[in-house]
């Protein structure tokens, strides 16, 4: 089995694992790497099948998490953005002793809309899966454009995301399909009631993929967690609002 691409950066006394979202790779953290690197030792990861971690097929959430855990430090803050938030959450469930704190960014324990639960309509996720086989490149670009809609810097932020995708090898259709399948089917709402490490949830007020309506629902479901909504951010707050994003992580670190 191949190894995944993993880079360590920075010299802070606290380890921080950064997990990207669907279709992307670790270059997405480029805009905050310098700032965070002076406070943390960063672990930049390309998830299995993405970017430089080629040679992997589609995986379940559990398989993906197990693969990432092999390379991970004994103790770290785990931060996951979007799909990466599910991987970080699964790590907190399976290896709680190794997760100093859990941070999810523009992520949902259940991305798919269910009865009484806001989310992405399953037929939209299914449509993306269908379109992937028809026009792979265009489907990924559409998904990226959705992530920045509504922000003051939407066009520029979408260009940033596109350049991240193009900077590394594109994932196979099978891998992208597997990622959409995770987004469509996984539901960790009940399971995450049981995590007891510090748990920070960051959201963008304008996010079109993870509706802000889930925030009060999860505040009630997970009273041990803390939530913060960034007023003018959409699905990629670390790109549109890097200073506020980094500040939230420094505040978390100082509380540990």
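Here the Cβ of each residue, glycine as well, is placed from N, Cα and C on the backbone.
Per Swiss-Prot, substrate is bound by 82, 83, 143, 144, 145, 146, 147, 235; the candidate from 22, 29, 117 named for the same site is 22. Proximity to residue 207 (active site), judged by a C-alpha distance within 10 Å, picks out 146 from the recorded positions 22, 82, 83, 144, 146. Each of the recorded positions 82, 144, 207, 235 was scored by the number of other CB atoms within 10 A of its CB, and the lowest score belongs to 144. For the pair residue 146 (substrate binding site) and residue 235 (active site), the C-alpha distance works out to 8 angstrom. Largest Cα to Cα distance within the recorded substrate binders 22, 82, 83, 143, 144, 145, 146, 147, 235: about 16 Å as a whole number.
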